[in-house]
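Annotated transmembrane segment per TrEMBL: 33-52, 58-78, 85-105, 125-143, 164-181, 201-221, 250-266, 278-297, 414-434, 441-458, 464-485, in sequence order.
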Amino acid sequence: MNTTLNPGIELSWSGANRVVRRLGGGVEPVRRLYFLDFPLLLLSVGLLTWMVPTDTMLFLSALTGAAVGLYTLWEIAIRRKPIQFSHVFCISNTVGYGLGVVNSWLSISRGNLGLAQFFNRDPEAVSHAMAAVLIASSLLYSLGEIFETPIFGKNFQLALDNRAGSFVFIGTGLVIAGYVMGDLGYMGSNASANGGHVSLISGTLGWLFPILFAFTALCSVEWSKGMVKRFFFAMLALQFVLIIPTGRRNILYFVLLGIIASRFGSFKPKWSLSKRVVIAAVLASVIGLGATAFYYLRFASWSRHQVSLIDRISLAIALYESGNTAKVNQSFKENLQKRTFVLGYVSDLLDASFRIESAKGQNALHEFQLVIPSALWEDKGAFLYSEESIANTTYHFAYRDEANSVYSAGAIDFGLWGMIVYPIIISGLFRVVAEFVRLSFPEVVATLVILLLVYNALTTEAGLWVRFLAIRDALFSSVLLWMIFKIPAFSFASQPEKGVLSR
């Protein structure tokens, strides 16, 4: 039997003790859907869109990418199929860019204008950018399915004991303390108010909060009935409220990460289709309610500067109670229609790279320098400039704040080839770090750190430095989490399984 493409097959010598793989064994074999079918579909549609760069082809290519990405997400989050970082990055890019184009294309009244023309972009350049997203994703899908072993084995379950309650309680308290001390606020970290520097507490909360929410979601569905289960649900609800000021995207990504984390428990509901639809509608409503609440925080202090979070909340409540909400609701609707079109920035960069020499890696070098701790680099403050600054210098633009991503970083440095290669490199680095953590730390620590990397990979609008920061945070957090979960287990109620966290 040829085992070259089948990482799930293990060779063993007769009489030798079989080694139990950390994070579960029994890895699934290579799936044709992901190494051949989806890549061929994305590649063919991408090439066709490149050759026929019309508004209609832009929509069809975006719809194709979004459909493939959403199906992959459904398999990972709901059907509990293998988690591979290459595929998570594909989800982030195809859904983030593709679904964004589809939403804007369908919801904006443009008359006879194409979508690119409506946003004052070159239609051919925008179509080429969408085509590049599909082409790059097709290669990443195929390479990931063939060469990347899934990090979690089949039917992996994370054993929990009562230390989970301590972690959730202390973690939630730290998030609240972060808000009280000003390390967390509107739009998350308050680094902008500190000259671009992130404090130790703010940086810690940046990686702790998403995995805390995901872990709490897992405990909420996994724990047996009783007071402890109610405690976890109460903490989950409180954490959701605390997410709202950090932004709409965080609300969506946190909930999505919580759904993914729930696969690591024994809870496997066999709901009817109607019940699944109802639960999905409830989740969508909760996310929508949170997004609306955030927009009220934003709109209520629109023309004000340096407004504290408490003042924002007071202004938002006053605005809602006044009943004069038609203007804010209309603004929210228009923002949802236009804000999802994040392809324009990448299309400008890619188009410029065909006419002007690219940065040749200068952006990647600078983005790496940004994650060097200030304690190790005394003059780091002089280098705190954005990706847009390098784009402006390289391609003669005048950008201020755009949707940074791995694709935009690649387009700045090497044009189309950068868009293809950078996601492969970053997903490979994530997998190497995940493997190191899997082999070196207890299962609970490894699972939380890997969830942190998954959360980062899911984020579409995250520049290259954010990916490097996730790697740094993963290594730092693994040590800190190991120390936290080394505390002795104690008993205040029955639990699913006990004493396996230190394995």
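Here, residue 1 is simply the first one shown, and the rest follow in order.
Using N, Cα and C of the backbone, Cβ positions are placed for all residues, glycine too.
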### Summary
With the greatest number of Cβ pairs under 8 Å to the transmembrane segment (278-297), the stretch among 85-105, 164-181, 250-266 is 250-266
## Note on the structure
When counting C-beta pairs under 8 angstroms to the transmembrane segment (58-78), the leading stretch of 33-52, 85-105, 250-266 is 85-105
### Per Cβ pairs under 8 Å, the stretch of 33-52, 85-105, 125-143, 164-181, 201-221 packing most closely against the transmembrane segment (441-458)
201-221
### Task
Using Cβ atoms only, state whether the transmembrane segment (85-105) and the transmembrane segment (201-221) have three or more pairs under 8 Å that are 6 or more apart in sequence.
no
### Query
Under an 8 Å Cβ to Cβ limit, what residues of the same chain, 6 or more beyond the ends of the transmembrane segment (250-266), are close to it?
73, 76-78, 80, 83, 152, 156-158, 160, 188, 209-211, 213-218, 221-222, 236, 240, 243-244, 283, 286-287, 290-291, 294, 447, 451, 454-455, 458-459, 496
### Tertiary contacts of the transmembrane segment (125-143) (same chain, 6+ residues out, Cβ under 8 Å)
34-36, 38-43, 45-47, 49-50, 53-55, 57-58, 61-62, 64-65, 68-69, 86-87, 89-90, 93-94, 97-98, 101, 115-116, 343-344, 346-348, 350-351, 407, 416, 419-420, 423-424, 427
### Task
Six or more residues out from either end of the transmembrane segment (164-181), which same-chain residues have a Cβ under 8 Å from its Cβ atoms?
201-202, 204-205, 208-209, 212, 215-216, 219, 228, 231-232, 235, 238-239, 242, 245, 309, 484-485, 487, 492, 495
### Query
In terms of Cβ proximity under 8 Å, which residues at least six beyond the ends of the transmembrane segment (33-52) contact it?
58, 60-61, 64-65, 68, 72, 87, 94, 127-128, 130-135, 137-139, 141-142, 144-146
